[in-house]
Amino acid sequence: MSDSIYTSLKNFTKHPIAEVRKSKVGLFIFSLLFGWAMMNWLSDPLFTQTQNYVLFLIFFAISLWVTEAIPPFSVGILIIGFLVLIMGRSDAENAMQYLQTWSDSVIWLFLGGFFLAEAMKKTELDILLLKRMLPKFGKNPQNILLGLMALTAVMSMLMSNTATTAMMIATVSPLFVTLDKKANISRALLLGIPAAASIGGMATIIGSAPNAIAVGALENIGYHISFLEWMLMGTPVAVVLILVFWRVLIKRYRISAKEKLEFQFLQEAKEIENPEDEKEHRTQKTIVLVILAITLFFWLTAKWFGMPIAAASGIPIVGLTMLGVLDSDDVRKLPWDTLMLVAGGLALGLAIEEQKIATHFVNQLSHVHISFMMLLILFAFITVVLSNFMSNTAATTILIPVGLSLLKVFSGDVSPAILPLVIGLSASCALFLPVSTPPNAIAFSTGLIRQAEFRLGGIVVGLLGPALSIIWVMVIMAVY
């Protein structure tokens, strides 16, 4: 009996998956020890037990996000569970606020966006948009590159940047077959599309999780940013970055305007509609377009009509399911893991604020003299650096509470909204590595571009993006 158990255990640890499992367990244990060590090193004698627990959780979560011992969404759930557990013992009433991050208006905004994105994907409105728009850019490779980047950016304002990149690359992949796979235009497209997906996410609150984290953090201190207000800050920055990176790609890969590209594969593509169901498909597309228009209208005019963004987000949730565009199977396919990650990030930020962890360490630095502008520059570029190596949602979650606390000491009379907005926008500028963003990873997986080629976007967008974000946000806040 003992021999059979030993043999089973031996085989269990020899399996390839077992090696990964052992590695994950080792990284998880390392994260526990790292959190415990950092807590003991940074803890203050005046800290309560709850404050020490939150301090431990901060570094435990950071290590889990960096090492990826468990998936990012699991870290989000772990954060909420841990906070409810430790708070429930001493302050059960306040412990519920960490569970309530699930009902935060930001979560509802994301959920409404997910329903719209899934409906567009199911009815193939996204592909229809590509087929209708792409030929309008002509056959000039330079214009085609700009057109594809622009379409990608627009779609990623409402859809997942990962899904947008996958769809765009899959749709234009016949072009890579027509051309030499290593052709300069192919490589430029494979760098431009994922970059545009990440940059386009800057333009709306639902375009990127860091945007939602920034808005949620500001709501916790009583500062409300509407959907339209975010667009006023994010869209111009995104447009400039895309135009600049487009020009950089043209110069780097020597794309000539004299060449001509053919898109015959768009006409040869299989028709989406089954002849028998053509009428129903058209009806569903119309429904999606109408609901999209209504939802966007109320998102953009929320402050004028007094309708909360969360309430407007209910329009696609109810409408698309009631009218039969989406069913239960479609709802199960939504990226619920993103909501788990965002909710966990909101909960951790709330705990850092409630337990005054960031405030304590900021007070320790009160003797340091630094200008508000230097503070913005420092946090913007730290955000980019961290987001290249870890989840940009996690980086934003960690930095925003610290930044808000620093403002109280160093900034004087400035709007508390500026720093979180800059951090949120800068988080989308991390493009240095294939693993920096899922869109980069998708492009790299084609095998047509080398890892080193991502450095171009990483340097250009990583340096210019934070600088533009700082300038434009300060201009808007000064005028608005």
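Just so you know, glycine gets a Cβ as well, placed from its N, Cα and C.
Feature annotations, reproduced from TrEMBL:
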| type | residues | note |
| --- | --- | --- |
| TRANSMEM | 25-42 | transmembrane segment |
| TRANSMEM | 54-86 | transmembrane segment |
| DOMAIN | 64-422 | domain 'Citrate transporter-like' |
| TRANSMEM | 98-117 | transmembrane segment |
| TRANSMEM | 144-177 | transmembrane segment |
| TRANSMEM | 189-210 | transmembrane segment |
| TRANSMEM | 230-250 | transmembrane segment |
| TRANSMEM | 308-327 | transmembrane segment |
| TRANSMEM | 334-352 | transmembrane segment |
| TRANSMEM | 364-386 | transmembrane segment |
| TRANSMEM | 417-435 | transmembrane segment |
| TRANSMEM | 456-479 | transmembrane segment |
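Put simply, of 25-42, 54-86, 98-117, 334-352, 417-435, the stretch with the most CB pairs closer than 8 A to the transmembrane segment (308-327) is 98-117. Of the Cβ pairs linking the transmembrane segment (456-479) with the transmembrane segment (25-42) and spaced 6 or more residues apart, fewer than 3 are under 8 Å, so the two regions do not touch. Relative to the transmembrane segment (54-86), the listed stretch 334-352 leads the set 25-42, 189-210, 230-250, 334-352 in CB pairs under 8 A. Contact between the transmembrane segment (189-210) and the transmembrane segment (98-117) is supported by 3 or more Cβ pairs under 8 Å, counting only residues 6 or more apart in sequence. Taking Cβ pairs closer than 8 Å, the transmembrane segment (25-42) reaches residues 52, 55-61, 63-64, 67-70, 361 in its own chain, all 6 or more past its ends. Listed stretches 98-117, 230-250, 334-352 were compared with the transmembrane segment (144-177); the greatest number of C-beta pairs under 8 angstroms is found for 230-250. Sequence-distant contacts of the transmembrane segment (98-117), counting only residues of its own chain at least 6 positions beyond either end whose CB sits under 8 Å from a CB of the stretch, comprise 80, 83-84, 87, 158-160, 163, 205-206, 209, 212-213, 215-216, 219, 227, 288, 291-292, 295, 299, 308-310, 312-317, 320-321, 326, 334-335, 338-339, 342-344, 346-347, 350-351. Tertiary proximity for the transmembrane segment (334-352) is limited to same-chain residues at least six positions away from its ends with a CB under 8 Å from its CB atoms, namely 54, 57-58, 61, 71-80, 83, 97-98, 101-102, 104, 106-107, 110-111, 114-115, 118, 160, 209, 212-213, 216-217, 220, 358, 391, 393-394, 396-398, 400-402. Within the model, the domain 'Citrate transporter-like' (64-422) shows a mean pLDDT value of 80, rounded to a whole number.
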